[in-house]
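Asks: Sharing the feature lines straight out of TrEMBL:
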type: COMPBIAS; residues: 359-370; note: compositional bias 'Basic and acidic residues'
type: REGION; residues: 347-370; note: region 'Disordered'
type: TRANSMEM; residues: 46-65; note: transmembrane segment
type: TRANSMEM; residues: 102-118; note: transmembrane segment
type: TRANSMEM; residues: 130-147; note: transmembrane segment
type: TRANSMEM; residues: 176-194; note: transmembrane segment
type: TRANSMEM; residues: 200-227; note: transmembrane segment
type: TRANSMEM; residues: 239-259; note: transmembrane segment
type: TRANSMEM; residues: 292-313; note: transmembrane segment
type: TRANSMEM; residues: 423-449; note: transmembrane segment
type: TRANSMEM; residues: 469-501; note: transmembrane segment
Amino acid sequence: MGKIPTNSPKSVPPMRKENHSLFAKIRKEYVSITFAKSLIFDPARLPLISILILAAELVLNVFVVQNVRYTEIDWKAYMQECEGFLNGTTNYSLLQGDTGPLVYPAGFVYIYSALYFLTSHGTNIRLAQYAFIGIYMLQMVLVLRLYCKSRKIPPYVMVITIFTSYRIHSIYVLRLFNDPIAILFLYAALNAFIDGRWTLGSVMLSLGVSVKMNILLFAPAILLLYITNLGWFKTGLQLAVCGLVQLALGAPFLLTHPWEYIKGSFDFGRVFEHKWTVNYRFLEPEIFESKVFHLTLLGLHLMLLAVFASPCYKYFQNYCRLRQLEKMLVPQIEAQNRAEREKVTKAKQTQAQALPTAKEGKQEEKLTEDQEKFLKSFEKGIKEMSGKEQKQQQKVSSVKPDTTAANSVTNKFSIHFDRSTQLALLPIFLSNFIGIVCARSLHYQFYVWYFHSLPYLTWYTEYTTSLKFLLLVLIEFCWNTYPSTVMSSALLHMCHVFLLVGIGKKMFRRIPDLA
């Protein structure tokens, strides 16, 4: 009898072949220099990098709380002011702490009263710090969500700016100021507006104002956003929502001592002390505290808002139009994709047969020629209106056939309509930045008012990348110089003006494109 060969070839199970093919494709797509570069330079990869940023931020903030000494500035005064309210006092003129009278609206009182109970009457500082870690992490989620939607900023820029700011981390977890809470509500409002949840956004915006009035610096742009997207009547309704929130929060004080509440919490004429200023150290105290100086800054503020009103309005108009087109086209794109999937399914079933035309009964799902032209040019148009992206970044998916591996090729039509978020964020961030430039005085905790918008504003300009980073580094240097000096104050103004000029040059040059 002949021997049975022991090394006869064995057939490979189909499942093993499929696994091998899948692993090969994953390795080809994700284990490569191209993919690694995209994680650094491609704004479309920011959602993935954001997860790593949040994880690292959590570790970093816990490390800071555990190893860096807490510095008492206003926390005890906050607790003393809230303690007076909790004891039954509703007269704002009588609510005082070691640093002076209470000067914040009612939302501040309620939030810090809750922290008063949470931290054993304000004595458990470590627990308060961990509460502010939670506030910081929640705000970073909201900030990164906006940046992910806009696909404007490369991931490496976000990583560098977020992790190199000592001042920002200290304001949140080592100082326990109320500014971060106000800004948290602001970013919650912006996310709601971008999602089309206008009433929720108005409530969040008003809550932010109820914690600290600096949120009103965003108000001019948000008013334009209301008008362009909602019209005058619905804008009035949203303003009424904002007003009702203020009335509801201030009710205990307005019903008992209304004038004291209004004068104490919404004092627009309050004079800041020169010794704490970050931006006007080079002025003599007499000039700094004069009414003429304050009125001059107010006039400059209003003038700059008027100058930038036209391009900002056009940005909002284009944002509104693109959102309307999204509502119209997305269902048709989804129908087109369903038709394509049906073709692939039928092709698998018939194996060697050609793809069915699937034209009968599907004509109403086909995109018109004009609509396909619009979709193909959408990404290019947004880039032209919002500035050139880095050459290294990969092209984001547009309306092109998207090859996917599943033993077949599927033509998938898609578009990232959320990139139109760029047209809404720029005017809103710019409105606040103009307020910063014209501020009567900036204190160290005020840095959080605009820190998270600086990468966006800087990358909107047409300056070189090295110059953009230099601007961010110099601004960070000025905010970390304590106490402020003549040089640091002057340098901060120079950086602000240089950045504003860069934004203005591009915005006004783009007006014909926006039209």
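Even glycines carry a Cβ here, placed using N, Cα and C.
TrEMBL entries are annotated by machine, without manual review.
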Asks: Against the transmembrane segment (102-118), which of these stretches has the most C-beta pairs under 8 Å: 130-147, 176-194, 239-259, 292-313, 423-449?
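Replies: Answer, by Cβ pair count: 239-259.
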Asks: Do any residues of this chain, six or more beyond the ends of the transmembrane segment (239-259), have a C-beta under 8 angstroms from a C-beta of it, and if so which?
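Replies: Answer is 90-93, 105-107, 110, 199, 202-203, 205-207, 209-210, 226, 265.
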Asks: When you look at the transmembrane segment (130-147) alongside the transmembrane segment (176-194), do they share 3+ Cβ pairs under 8 Å, ignoring any pair fewer than 6 residues apart in sequence?
Replies: yes
